[in-house]
């Protein structure tokens, strides 16, 4: 059950990210051919009144928004400033989702004890900078007394997910641990914190200025604005080749880190 809920939370994070791209692209006049959650065979979906295919696919480990490839209604004719907004929108939506979730946790559940840090600590994430006066004195990890500290902690720990090479296996393990609380209320709070944490991590990771991440596309838009289209077009193949190589190394490193952590010491 914990695995299913963790995958659902991860799917919601993907949806939030892709929805950001979708909304801004449509606002800029881009025709969206498909909005997909997951990869692989399509098992469910529908077509909206604008002709966009909304798809659910078998493997819930990603998602994408597919704009028209070329011509009118594609990303190409847009000025670099608008394309920059389209690429940054996913990260912005993840940041907003994390912030809103943490506000709800900080203010609505002001005095709900929560098992969090006991589950994060074994994963090698940064220690939260929270005064002892705000810590819950009982058998649980933390208690949300000051919402700004919760926001800071989630940002630090969220960014720590990819700086500490937490891959898919480690992330799923963390999600399951966050929900393994003694009561339903604490499990809900654990998954809510996991949702905020992962949104922060996804936003931070996509901000990296390497292709094919959103940060890489955004950097291309900045270069086009500053250097001009012709010069940027000359630099683009080398930039994308280097970015693809870095991404391959990152993926190999992250999966290797996950596998090493599974080996008993």
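Counting begins at 1 with the first residue displayed.
In case you wondered, yes, glycine gets a Cβ from its N, Cα and C as well.
Where the annotation comes from TrEMBL, it is an automatic prediction and has not been curated.
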Range among 51-68, 159-176 that TrEMBL annotates as transmembrane segment: 159-176
Using a Cβ-Cβ cut-off of under 8 Å, list the residues of the same chain that are 6+ residues beyond the ends of the transmembrane segment (84-109) and lie near it. 13, 16-21, 23-25, 28, 30, 75, 78, 144, 146-147, 150-151, 154-155, 158, 189, 192-193, 195-197, 199-200, 202-203, 206-207, 214-215, 217-218, 221-222, 225
When you scan the chain for residues with a C-beta under 8 Å from the transmembrane segment (6-24), skipping those not six or more beyond its ends, what do you find? 32, 35-38, 60-65, 85-87, 89-94, 97, 171-172, 175-176, 179, 191, 194-195, 198-199, 202, 206
